[in-house]
Structures are given as structure tokens and as C-alpha cells.
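The structure appears right after this line, and notes come after that.
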Amino acid sequence: MTKLTLYPGTFDPITNGHLDLIKRSAAMFEHIIVAVAASPSKNTLFTLDERVQLVQEVTQDLPNVSVEGFSGLMVDFARQKQANLLVRGLRTTMDFEYEFGLTSMYRKLMPELESVFLTPSEEYAFLSSTIVREVALHGGSVEAFVPSVVNQALIHKVKSPV
């Protein structure tokens, strides 16, 4: 059975860790939709459209990866796309506990949606969008942690916040 796979997240911004997970997933699964969540409850630095555009730019060389923004419940988006597999990254035991709770809820809301968890490559185990944003907002360099187009977008956003 062909699996349509979702990799959901806020991606504010997308990091090298996210990109590593996308590339590894693209090598394992037929098609990946990177599902960029609107996340209205989060105070995002980039708009949904900006985040979708950045993810599209950094994944354009991956032919079996597409990028879409969505709002509302992730399971509703998965159902709309007829996805039956969800990829999530796990860095820490805190991530595991959070994801375990989400997976339990997803099973109740959409039993046919399976979850696959990937651990990060060692060099990205500490990396998060929150840390990247904080460092950038305080004037630190994040070029080692994000693709260059994202680094430039962060520099621009921090210098002229909207």
C-alpha cells in the first residue's frame, strides 16, 4: 500500500535539523507533504506564507517533497490529503512525552493515521526553532543552524520586524 506521508510542524523557522529529517524521510517514503501549521496560538516570527515559502525554497531539490500550509487540526488536514502516515522528530524525553500524548489523541481522532518517529542526526540533537529565534533576536549568528536563505530571512526580519 502506498503511503502518503505528512511531516507537520510550525517551522518558525525551518532549521537544518528539520531539513535533515525531511531528506531522510524523502529517502524512505514515496511522497512527503511538509505541512506547515498556521499555529495561531503561537506568536510566530514569520507569517504562514513566509514559512511555507522558506520551506519550499529549501526543499525544491527534493522531487518527492511538497509543501502546504494548513490551519485547524492536523488530523483534518491528513484526512483531506488522504495521508496515512505521520513523521515526527524526537530529540529528548520531553519530546517523547509530548508526542506520545499527541499520538494517543490522533489515534482516537483518526485511527488509520500511523506515526513514525525519527531521532535527529547527532549534530542536530540540540537544535530547535525556538533556540534559533532567540539567538537571532538577540543578535547572535545562526548561520550554522539554518539554510542560508533562512539565515538571510532571519537577518532581514530581525532588522525590520513587521
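Here the Cβ of each residue, glycine as well, is placed from N, Cα and C on the backbone.
Among the features that Swiss-Prot reports, substrate binding site is placed at T10, K42, M74, R88. Its Cβ placed at the centre, M74 (substrate binding site) has 21 other Cβ atoms within 10 Å.
Annotation source Swiss-Prot lists ATP binding site at T10, F11, H18, G89, L90, R91, E99, Y124, A125, F126, L127, S128, S129, T130, citing sequence analysis. Around T10 (substrate binding site), the same-chain residues six or more apart in sequence whose CB sits under 8 Å from its CB are V36, A37, S39, K42, T44, R51, S129, listed in sequence order. In the three-state DSSP classification, T10 (substrate binding site) falls within coil.
Among the features that Swiss-Prot reports, site 'Transition state stabilizer' is placed at H18, with the record citing sequence analysis. DSSP classifies H18 (ATP binding site) as helix under the three-state reduction.
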_K42 (substrate binding site) CB neighbourhood, other CB atoms within 10 A_ = 11
*Cβ distance under 8 Å to H18 (ATP binding site), same chain, sequence separation 6 or more: which residues?*
G9, F11, G89, S129
*Could you round the CA separation between M74 (substrate binding site) and A125 (ATP binding site) to a whole angstrom and send it over?*
25
